Structure formats: structure tokens, C-alpha cells
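Asker: Got a structure for you, questions after.
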């Protein structure tokens with residue numbers, strides 16, 4: 001091997017190694033060893049006053065990673081003529097940003113300018129799951145914060161009306177597999193959905209059916225009572241499953257029973273491969289948790305274009 005080829009090989013090995021090592025659970029071991037603990041405390045405190053916080057943080061993290069990668073861009077406020085992601089239509093109902101603000105404030109007091117807002121959100125999402133009775137995991141850290149946040153880009157988020165082909169494409173564009181899709185959909189075990197997210201299944205479903213025939217009839221009737229065709233009740237909707245504050249596999253059990261809310265949930269039963277995974281997770285909470293952790297680490301490692309550590313998560317430096 002000549003010297004030129006050897007040097008090229010060294011460069012390639014270095015670049016690949018750098019990418020692999022870019023995120024690490026030990027990233028703050030020496031610069032801010034208490035980072036995880038500080039974020040956990042902020043989430044715990046918020047949860048003691050508001051049981052909707054875990055679902056909010058988990059959803060916030062998903063929405064961050066699916067637009068520009070996991071760079072904390074969903075946390076930025078709109079400014080001037082720029083309408084930020086958090087004010088895009090799919091994100092209007094996002095809340096609990098104050099939890100990230102509180103964690104950031106505490107971290108800045110202990111480790112000024114060290115921990116990124118993107119990492120704080122990733123840690124908070126992990127804590128949201130763990131503190132709701134779900135699994136915990138070592139979060140790879142080292143993300144940088146992005147400087148761009150545009151509401152129009154929230155169109156890239158998977159919609160609750162997506163079919164399985166649209167979901168496959170949407171997740172695939174982010175390097176996520178169908179296994180990841182089914183596992184991450186289990187995050188719907190936490191939280192609440194507004195009527196607008198599933199009205200399409202209850203009223204004028206298609207030219208032949210008024211209501212989606214895959215819905216359990218009694219379940220559909222209950223939803224119609226909450227979400228009539230001309231609903232005027234602000235924030236009307238339904239819990240995502242029967243144990244809204246517990247992270248478990250009830251979501252999959254309800255899905256099999258025809259009691260899911262979103263068309264995108266029901267679409268997981270449309271093809272044999274994903275239907276098999278739904279059944280697997282419905283039958284074993286342990287299998288679900290194992291798959292969820294693996295897919296969460298994968299999703300939260302989607303690289304963004306961030307290059308700074310914000311001092312305030314709502315605005316760039």
C-alpha cells in the first residue's frame with residue numbers, strides 16, 4: 001500500500017470513528033457529571049404538579065427529531081417575521097416547554113455553557129418514560145443546538161391520517177425502519193388526542209361508510225359522543241389508551257381490539273410484518289420496552305445541523 005493510500009485510509013477511519021463517537025452516554029462525565037440528575041429533578045418537579053408533562057415531553061422530542069434532526073429547533077420561539085416550529089399547525093398543542101427552561105436554568109448554574117438544549121430534551125423524554133413506569137436507558141449525548149426553526153417545515157411530521165405507505169416513506173427518510181415505526185408508535189400509550197386528529201374516522205369516512213369500519217362499534221360510538229360532527233367544545237378529545245399516565249403496552253392491546261384513535265395507528269395492522277409486531281408487543285410488555293428503547297436511541301441520534309450550545313433554549317446565541 002503506497003503512502004497516499006495509507007493516508008487516505010487513516011482519514012477515512014478517523015471520520016467514521018468520529019461519527020460513531022459523536023454521541024456518547026459519557027459525553028458530560030467530566031464537564032457536567034450531574035447533568036442527568038438535574039434534568040430528572042426538573043421533570044419530577046413538573047410531574048408532581050401536572051400529570052400531562054410526560055406525554056408532552058415525549059411528543060416534543062419526537063417532533064424535534066423529525067424536523068431537522070434532534071437539534072432543539074422545536075424549542076425556539078418565533079421572532080419577527082420568522083414563525084418557528086412550535087407555532088406550526090402540528091405543534092400548536094405542544095406544551096411543557098417550561099420544564100426544559102427550568103432544567104436549562106439549573107444546568108447553567110452548575111455547568112455554564114456546557115449542556116445543549118437538544119440534549120436536555122432527549123434526557124427529559126427518557127425521564128418522561130421512566131418516571132411513568134416505563135424503561136430507562138443511557139441517553140447518548142453530545143448534540144448541538146440548531147439556529148433555524150421554521151413552522152412550514154412541520155409539514156415533514158407524520159400525520160395521524162397517514163397510511164402505512166406514507167409512514168414507511170416518512171420514517172425511512174430519517175433512517176428508521178418499520179420495526180422502529182411500530183415500536184415508537186407505542187409512545188402513544190401516554191397522552192391525549194384532540195378530536196381534530198381522528199375526526200376523519202368518525203364522520204364521512206368514505207363514500208360508502210360514515211364511520212371507519214375497523215373501529216370497534218361501541219368505541220366509535222363513545223368517540224362520536226365526545227367529538228360530534230360539528231364539535232364546538234374547545235380541546236375536546238380522548239385519552240390515547242386506558243392507562244394514560246402509565247407507560248405500558250395497553251396501546252397495542254387496544255389497537256388489536258379496534259380501539260385506536262389515529263388512522264396511522266390502525267395502519268399498523270394493514271401489512272403482515274407490522275401486524276405481527278403489534279401482536280408481539282401486545283403479548284409482552286418486556287418485548288415492547290426492549291424494542292422501544294432501541295428505537296428511541298436510534299431516533300434520538302438523528303443528526304441535526306446544530307453547532308452551538310444555547311444559553312437560553314428559546315433563542316439562539
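Glycine too: its Cβ is placed from the backbone N, Cα and C atoms.
Model, not experiment: these values are computed from the prediction.
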Asker: Test of record reading: of 91, 163, which one does Swiss-Prot tag as N-linked glycosylation site?
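Answerer: Record lookup, Swiss-Prot, feature N-linked glycosylation site, residue 163.
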Asker: Which residue of 136, 154, 161, 189 does Swiss-Prot report at the same Ca(2+) 2 site as 241, 243, 248?
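Answerer: Ca(2+) 2 site check in Swiss-Prot: besides 241, 243, 248, the record includes 189 out of 136, 154, 161, 189.
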Asker: On a C-alpha basis, identify the one among 111, 189, 195 that is nearest to residue 71 (Ca(2+) 1 binding site); the candidates are the recorded positions.
Answerer: 111
Asker: Can you name the recorded positions among 70, 117, 158, 163, 195, 243 whose CA is within 10 A of the CA of residue 64 (Ca(2+) 1 binding site)?
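Answerer: Qualifying among 70, 117, 158, 163, 195, 243: 70.
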Asker: May I ask which of the recorded positions 32, 59, 111, 158, 188 is closest to residue 73 (Ca(2+) 1 binding site) if we compare their C-alpha atoms?
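Answerer: When the Cα distances are compared, 59 comes out closest.
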Asker: Fill in the CA-CA distance, residue 59 (site 'Transition state stabilizer') to residue 32 (disulfide bond), as an integer in Å.
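Answerer: Pair distance, Cα basis, whole Å: 26 Å.
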